[in-house]
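Taken from TrEMBL, the feature domain 'Malic enzyme N-terminal' covers 119-300. Look at TrEMBL and you will find Tyr142 tagged as active site, proton donor. The (S)-malate binding site feature in TrEMBL is assigned to Arg195, Asn450, Asn494. Taken from TrEMBL, the feature active site, proton acceptor applies to Lys213. According to TrEMBL, the divalent metal cation binding site annotation covers Glu285, Asp286, Asp309. Under the heading domain 'Malic enzyme NAD-binding', TrEMBL lists 310-563.
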Amino acid sequence: MFSRPSVCGNLSKLCRTGAATTTSTTPAVAALALNEARGYHEVVGDIICPSQVRGIDHIRDPRLNKGLAFTLEERQVLGIHGLQPARFKTQEEQLQLCKIAVNRYTEPLNKYLYLSDLHDRNERLFFRFLSENIEDLMPIVYTPTVGLACQRFGLIYRRPHGLFVTFNDRGHIFDVMKNWPEPNVRAICVTDGERILGLGDLGACGMGIPVGKLALYTALAGIKPHQCLPIVVDVGTNNIDLLEDPLYVGLRQKRVVGREYDDFIDEFMEAVVKRYGQNTLIQFEDFGNHNAFRFLDKYRNTYCTFNDDIQGTAAVAVAGLYASKRVTGKSFKDYTFLFAGAGEAAIGIADLVVKAMVSEGVSTEEAYSKIYMVDIDGLLTTTRKIGNLDGHKVNYAKDYEPMQDLEQIVSAIKPNVLIGASACAGLFTPKILRTMADNNDRPVVFALSNPTSKAECTAEQAYQNTDARVIFSSGSPFPPVNVGDKTYYPGQGNNAYIFPGVALGVICTGTHHIPDDMFLIAAQELANFVELSDIERGSLYPPLQSIQEVSMNIAIGVTKCAYDKGLASTYPEPQDKRKWLEDQLYNFNYECSMPVTWTWPRMPYIKTREESPLIAAIK
């Protein structure tokens, strides 16, 4: 999450100096050349060594920079007095200026670029601004605007915020990872860019996703930003438009597949552990469906890893379903579920729904029997002649007549819950929504695909076609909906409610594997945070302003689970888990930049003996 200025000019000076003084380099000249090459000291780790930080470093380094918030004493002692105008500002005044500046832009992408620049200039100000304005800024740093940023990545790329590990680096991935300056990375978010949101294969341009995810780690859960590392594993792209785009920044080749691809990912995982340790959290993000489940099954018991598209999406959706029970008065065993989509998000939700039903006393077989699923070839059945039942799909195939039309399927199955994870805009037609309303007093409809342009239906369509009886949730934000004399505020089932809190608990406990139990706990904690007033206004989720407290509650639940299951490696087990977690959080406020000074007690008087010549000793 760092930016580093170009040092090419300084390196060229060093090369010229070295060439000219090969035979007569003095220590002073060598030190000067090294200083020129270094450019400036970039702070790493938790501990800052004052002796290694030059005055102007405090302005150049985003972790040290406070802008005009440096006091007069700090400016004078640090050697930066005169490098800034005479005005002194508090961080609160700077936050007000940030609000004014970001609101001057009308285009979301311009707001994204402003925030990215702020991140590069002043880290604490950026994260405090984000954390205190979540409702306004999360749609900018995360979905939906981050999708547009990824699509324009080649145009807007300025400075590195993470690592690009390419297929050409195989055999040397550990060497690449050594180039990241931070010695204490605790969490990595990695993507290969094959399935960015609902936008498809964006290759190396997918870097915006792990950068945005890890920014939310800090803003929403207080995880220290220097402990987070975004990574793109670049194996090429099958997106012809990108391959032919002169602005594309990744490997200009078709995607590597098969054994070579798997060996490359294996080497990457081994390099992470070698560089940062076995307990390093590795979050997989936006991998293609055909790889996401394979890697989750392959690595979940040997690495500290999870897949947010599968498990994070599942937890936030199941939390919404838990909250819906307070409206319908039904339990999960009374529901019939229909999923439109059979990719990693849909399968992940369905698997966690099964786990939730089992926890309520339903047998696994009965739980599976209550879940129907549709993919691009129609209803998953054991008798259909087209399509496949690869991987986890087979668990949801029914001995049922094959059907392809979703309207026909909804009419035949009569689901209580309709969940969209298809990335197919408008899939939930008015007829389908009316059928759901005809069959249920309070139909549950989740249109989870994002960005907004990929949603199966809008909130307005859902309310208008169900006489406002729908219990609705979406994956992207929708504006309020007016029906009659009432206004509904649809809640967004955003993964950001889940993954920061899970990550905080996992990182602090040093958990070495992440079981699905932790995501079910996260779903329950999130649902417990929903007030009746939230449900009455049309939302199955608490306001985004409360998301930091939600994250803390989830982290506490994950911490308890880690110790109960013997997965933690941080001992002794803390008794007051909330205080223990809070003591490890990032400080969004400025800290004093002055060197720490202290006094010594006066030395006691001791009479010394008279000095005597040492001539005898010399002889």
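Glycine residues also receive a Cβ, built from the backbone N, Cα and C atoms like all the rest.
Sequence-distant contacts of Glu285 (divalent metal cation binding site), defined by Cβ-Cβ distance under 8 angstroms and a gap of at least six in the same chain, are Cys189, Val190, Thr191, Ile209, Pro210, Lys213, Asn307, Asp308, Asp309.
Within its own chain, Asp286 (divalent metal cation binding site) has Thr191, Asp192, Gly193, Glu194, Arg195, Ile196, Leu197, Gly206, Ile209, Asp309 as residues 6 or more apart in sequence whose C-beta sits under 8 angstroms from its own.
What surrounds the divalent metal cation site, by Cβ distance within 8 Å of the Cβ centroid and not counting Glu285, Asp286, Asp309, is the set Thr191, Arg195, Ile196, Ile209, Phe284, Phe287, Ala292, Asn307, Asp308 from the same chain. The Cβ neighbour count for the residue listed as 'active site, proton acceptor', using a 10 Å radius over every protein chain in view, is 27. Asn450 ((S)-malate binding site) and the residue listed as 'active site, proton donor' are 11 Å apart (CA-CA, integer value).
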